[in-house]
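Student: Dropping the structure in here first, questions after.
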Amino acid sequence: MAPSATLPLTTAILAIGRLVAAQQPGTSTPEVHPKLTTYKCTTSGGCVAQDTSVVLDWNYRWMHDANYNSCTVNGGVNTTLCPDEATCGKNCYIEGVDYAASGVTASGSTLTLNQYMPSSSGGYSSVSPRLYLLGPDGEYVMLKLNGQELSFDVDLSALPCGENGSLYLSQMDENGGANQYNTAGANYGSGYCDAQCPVQTWRNGTLNTSGQGFCCNEMDILEGNSRANALTPHSCTATACDSAGCGFNPYGSGYPNYFGPGDTVDTSKTFTIITQFNTDNGSPSGNLVSITRKYRQNGVDIPSAKPGGDTISSCPSASAYGGLATMGKALSSGMVLVFSIWNDNSQYMNWLDSGRAGPCSSTEGNPSNILANNPGTHVVYSNIRWGDIGSTTNSTGGNPPPPPPPASSTTFSTTRRSSTTSSSPSCTQTHWGQCGGIGYTGCKTCTSGTTCQYGNDYYSQCL
């Protein structure tokens, strides 16, 4: 997962033809979604290319009134412009984004995300993008993976200790929570939720006047870097979640030489991750009973870390939330595919790659170290495909995707970073909050570990 954020962006949801005056698209820069080809596969027909793209999260975007006064201040909203949902929807325009400047590039079936980008004032700014898979209709692609599998190629070689390249599923609404006050919806990255129950200014596309967190089922397919990785389901009820989850981490499960540069899964090179959601009757209509992780590299299947297979078949911490059965229902109804890259100013990502979890030292993941030594850190996802179990890596039948470049259960509980919350009443701006810009009157001092980074004349942000 990735934390909530806020960046200046722009417009162009007009093509879906259902806009009214409510969190209206702005006019500064068109919202042009980067095309990302993905593949849907069957055992009988092979893999068929899908017309898909990616969209940057709503919370990264600049929102303003007709006079370019910011609709957000001090991590919340400008109560003059946004005293209630209806008035805010009428007054505020949400802008699109320059995807390249936000660290995002896509070509064919390949998506590259950068943690840092050169700053106009010199040095680098942390951009930490989070994106969602979008269909040609301007709504999120809903992946229904119960009794199915998801495969993708990934290059983690440029992610050092402390970085997290994440690819996961979130049970967001297909339309991004679009409603009468927010017609931008999924086309502008609205409606994010996860098992950390983040508290955001907008909750499922609507002004969050109550300050509630937004919880939903989350399936972390990959959280990792070149030194460690975890596969973790997070089941939820309507108001609470198994935020820690029961993950499978090879290092944390007693296999320290399985995943890393030069190891069994050699992270100095591109490899394929296959995640299978197994049901009791072997079909999408069954109950989810286990989740299995597999790897391929250079076209060869890699043996599992654990002799009985790298499988999660139970999750004690999730029992209060329905366990794997709850996750299976979410996978059956459809979940949104999320891509992100981020690092961690508070815990240095120790829960992922240090101590019991990995070989990194407790301070190696400090973002200041990453920036000093690896300003070009990035992750590359490619050849994303989903469908019948066994179909996504089968080279026979239909039109397969391009080849990748040249049972016992073990679970590993992690302590996750805290979720994004409302800003402090003191005049110190939170991480990701606005800290400057023409007409901005809120707090300009950023919380410890972040600095105020210029985005444009109307928007600067604590990063």
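Every residue, even glycine, has its Cβ placed from backbone N, Cα and C.
Below are the features I grabbed from Swiss-Prot:
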type     : residues      : note
ACT_SITE : Glu218        : active site, nucleophile
ACT_SITE : Glu223        : active site, proton donor
COMPBIAS : 408-429       : compositional bias 'Low complexity'
DISULFID : Cys435-Cys452 : disulfide bond
DISULFID : Cys446-Cys462 : disulfide bond
DOMAIN   : 427-463       : domain 'CBM1'
CARBOHYD : Asn78         : N-linked glycosylation site
CARBOHYD : Asn164        : N-linked glycosylation site
CARBOHYD : Asn204        : N-linked glycosylation site
CARBOHYD : Asn208        : N-linked glycosylation site
CARBOHYD : Asn394        : N-linked glycosylation site
REGION   : 23-397        : region 'Catalytic'
REGION   : 390-429       : region 'Disordered'
REGION   : 402-427       : region 'Linker'
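I'm curious about the neighbourhood of these features; can you describe it?
Tutor: In the three-state DSSP classification, Glu218 (active site, nucleophile) falls within a strand. Other C-beta atoms found within 10 angstroms of the C-beta of Glu218 (active site, nucleophile) number 28, with every protein chain shown included.
A 10 Å cutoff on Cβ-Cβ distances gives Glu223 (active site, proton donor) a total of 27 other Cβ atoms nearby, all chains included.
All protein chains included, Cys452 (disulfide bond) registers 19 other Cβ atoms within 10 Å of its own Cβ.
Taking all protein chains in view, 23 other C-beta atoms sit within 10 angstroms of the C-beta of Asn78 (N-linked glycosylation site).
Shown in sequence order, Asp173, Gly176, Gly177, Ser190, Gly191, Cys193, Phe214 are the residues of the chain, 6+ apart in sequence, with a C-beta less than 8 angstroms from the C-beta of Asn204 (N-linked glycosylation site). For the recorded site, Asn204 (N-linked glycosylation site), the DSSP three-state label reads coil.
Counting Cβ atoms from all protein chains shown, Asn394 (N-linked glycosylation site) has 15 others lying within 10 Å of its own Cβ.
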Student: If you count Cβ atoms within 10 Å of the Cβ of Asn164 (N-linked glycosylation site), leaving out that atom itself, what do you get?
Tutor: 28
Student: Please report the Cα separation of Asn208 (N-linked glycosylation site) and Cys452 (disulfide bond) in Å, rounded to an integer.
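Tutor: Spelling it out, the Cα of Asn208 (N-linked glycosylation site) and the Cα of Cys452 (disulfide bond) are 25 Å apart.
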Student: Could you check which of the recorded positions Asn78, Glu218, Glu223, Asn394, Cys452 is the closest Cα neighbour of Asn164 (N-linked glycosylation site)?
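Tutor: Minimum Cα distance from Asn164 (N-linked glycosylation site) across Asn78, Glu218, Glu223, Asn394, Cys452 lands on Glu223.
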Student: Going by DSSP, is Asn394 (N-linked glycosylation site) part of a helix, a strand, or coil?
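Tutor: The three-state answer is coil.
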Student: Using C-alpha positions only, work out which of the recorded positions Asn78, Asn394, Cys452 is nearest to Glu223 (active site, proton donor).
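Tutor: Nearest listed residue in space: Asn394.
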Student: Tell me the Cα distance separating Asn78 (N-linked glycosylation site) from Glu218 (active site, nucleophile), rounded to the nearest angstrom.
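Tutor: Asn78 (N-linked glycosylation site) has its Cα 31 Å from the Cα of Glu218 (active site, nucleophile).
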Student: Measuring Cα to Cα, tell me the gap between Asn394 (N-linked glycosylation site) and Cys452 (disulfide bond) in whole angstrom.
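Tutor: The separation of the Cα atoms works out to 49 Å.
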Student: What number of additional C-beta atoms lies within 10 angstroms of the C-beta atom of Asn208 (N-linked glycosylation site)?
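Tutor: There are 19 such Cβ atoms around Asn208 (N-linked glycosylation site).
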